[in-house]
Amino acid sequence: MEKTMLTFEKVSAHYGKIQALHDVSLHINQGEIVTLIGANGAGKTTLLGTLCGDPRASSGRVVFDGKDITDWQTAKIMREAVAIVPEGRRVFSRMTVEENLAMGGFFAERDRFQERIKWVYELFPRLHERRIQRAGTMSGGEQQMLAIGRALMSQPRLLLLDEPSLGLAPIIIQQIFDTIEQLREQGMTIFLVEQNANQALKLADRGYVLENGHVVLSDTGDALLANEAVRSAYLGG
């Protein structure tokens, strides 16, 4: 029997008087990649925000590993082995690559820290090559690798990725998605929010389509790729 890792149960959210999410329900099973696709302004990043408490859900529940975390503080949620790679990367630009990774592994024991950083360097050899370089001088693709690596330093059970392909060259996008596939093969549970619907659905076990704050469709990744409405709206026909 599949174990459910994360559930959004009829989650609504507001920015002031504007309702951004309307009774959104979805779930992610352990070991899955689940993707959420939708146009700009559909509410994808807002839904991720309700998991981390920004914004808080105005109604409904967010449940992680059987625990209702709807009203938890962000720091407490992160201690539950949840890590997020935010849209726009947000690396510490004046710190070196290795210092950025150290921030991600701040709570790790020293032996565990060395093990994690070695693993991240194996996933992203370029980070090892540039480990003493300041993050702000790196390319967008390298910064995205660093943002993912930093999140992985906390040894998460659930990894949240918000638009990891945004603004990147096609060859770098493929490298990022290849790494996401590797993480799934190693048993990590991944919630992928992505505008690049074609790449995301090829990778995903299951997917959801969000429009104007409503889930309008859900199915396997392959089925959504073949869906005529999805192809017309998000895959260029």
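Backbone N, Cα and C define each Cβ position, glycine as well.
Keep in mind that what you see is a predicted model, and the values were worked out from it rather than measured.
Classification of Lys44 (ATP binding site) by DSSP places it within a helix. With a 10 A radius on its CB, Lys44 (ATP binding site) counts 24 other CB atoms from all the protein chains. Look at Swiss-Prot and you will find Gly38, Ala39, Asn40, Gly41, Ala42, Gly43, Lys44, Thr45 tagged as ATP binding site, backed by sequence analysis.
Positions annotated as domain 'ABC transporter' by Swiss-Prot, on the basis of sequence analysis: 6-237.
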Any further residue of that chain within 8 Å (Cβ to the Cβ centroid of Gly38, Ala39, Asn40, Gly41, Ala42, Gly43, Lys44, Thr45) of the recorded ATP site: Thr46, Leu210
Sparsest-packed among the binding-site residues, when each Cβ's other Cβ atoms within 10 Å are tallied, from Ala39, Ala42: Ala39
List of residues, in chain order, with Cβ under 8 A from that of Gly41 (ATP binding site) and at least 6 apart: none
Binding-site residues (Asn40, Thr45), the one with most neighbouring Cβ atoms at 10 Å: Thr45
Per-region confidence, the domain 'ABC transporter' (6-237) (mean pLDDT, whole number): 93
